[in-house]
């Protein structure tokens with residue numbers, strides 16, 4: 001489903017074709033002020049490298065906060081952060097809540113099932129009412145691609161919007177925390193070969209990661225998966241496409257595994273989960289094809305025995321749990337940059 005200009009739901013084709021890599025509602029760069037400062041974080045696509053690096057540098061400063069006895073800084077004291085999750089989430093919602101709390105913000109988690117949207121109220125009417133409650137920052141997850149853009153366009157001028165995942169389009173904070181994780185372990189993006197493996201067609205994380213990797217100068221990004229799960233337009237982005245996992249993994253420095261997003265699939269795109277694992281699952285034997293010091297990442301939720309073997313997920317080259325830890329600092333950085341200096 002997608003959101004029309006009234007905030008109601010409709011046909012996803014109205015916003016974008018799922019087979020295309022780029023989305024049609026991206027006009028200009030509504031994330032930036034006239035001075036080039038970050039007002040909203042809606043997508044990594046179109047962000048200058050300087051802003052991406054600024055977010056990563058700021059996150060590095062916040063990592064140390066988690067090691068303190070008092071895990072708080074006053075950057076968002078007096079600010080109100082509303083978490084608006086129209087889709088279910090565990091890691092993203094929890095880490096945003098922790099991040100906002102550590103910035104000393106007041107945090108409200110909207111119960112969507114009990115809200116007026118479940119009674120037929122339009123998305124924009126909900127947003128306008130919440131803006132009238134003097135919200136400063138909306139963190140939005142929505143099943144419709146483009147919903148955070150709609151909210152950013154129509155919310156009160158003092159309100160900032162962070163996209164916590166919209167349909168198949170983007171998950172910018174996941175992309176940023178993935179970049180922070182890669183930088184932490186590999187330092188220099190300009191010498192890396194990065195493989196993204198699995199259901200790329202339905203993955204907003206893959207889109208955000210690809211935009212971030214190319215923005216930061218990674219010379220070789222590989223997309224590996226079945227033909228039925230690869231979107232069009234990857235080659236035009238400079239991405240190398242592989243339909244054979246063993247070939248695609250040879251010599252890579254970073255492996256980002258993706259789950260099968262069965263909830264977004266229509267029709268039978270794949271055989272059984274067991275058959276998928278035989279062909280596309282990351283096992284210790286396949287991991288050995290990568291560089292000896294390669295790291296393994298996964299945005300979660302992880303399906304063991306489908307896209308990844310437990311020996312790999314729990315092995316010494318896995319940095320999956322560290323991604324979650326770094327995610328708090330990255331989301332602190334994004335909220336601090338977007339809303340910390342606003343009036």
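Cβ from N, Cα, C; glycine included.
Remember, predicted model here, so these are calculated numbers, not experimental data.
Here is what Swiss-Prot says about this protein:
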- 91, 92, 141, 171, 174, 300, 301: carbamoyl phosphate binding site (BINDING)
- 119, 204, 259: L-aspartate binding site (BINDING)
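Cβ neighbour count for residue 204 (L-aspartate binding site) (all protein chains, 10 Å cutoff from its Cβ): 23. In sequence order, 89, 90, 164, 165, 205, 299 are the same-chain residues whose CB sits within 8 A of the CB centroid of 91, 92, 141, 171, 174, 300, 301, the residues recorded for carbamoyl phosphate being left out. Here the CA atom of residue 204 (L-aspartate binding site) lies 14 Å from the CA atom of residue 301 (carbamoyl phosphate binding site). The number of other Cβ atoms within 10 Å of the Cβ belonging to residue 92 (carbamoyl phosphate binding site), over all protein chains shown, comes to 24. Annotation for residue 171 (carbamoyl phosphate binding site): spatial neighbours 92, 163, 164, 165, 204, 205, 207, 208, 299, criterion Cβ-Cβ under 8 Å with sequence separation of six or more.
Around residue 300 (carbamoyl phosphate binding site), a 10 Å sphere centred on its CB holds 17 further CB atoms from the protein chains shown. The binding-site residues under consideration are 91, 141, 259. Their Cβ neighbour counts within 10 Å are lowest for 91.
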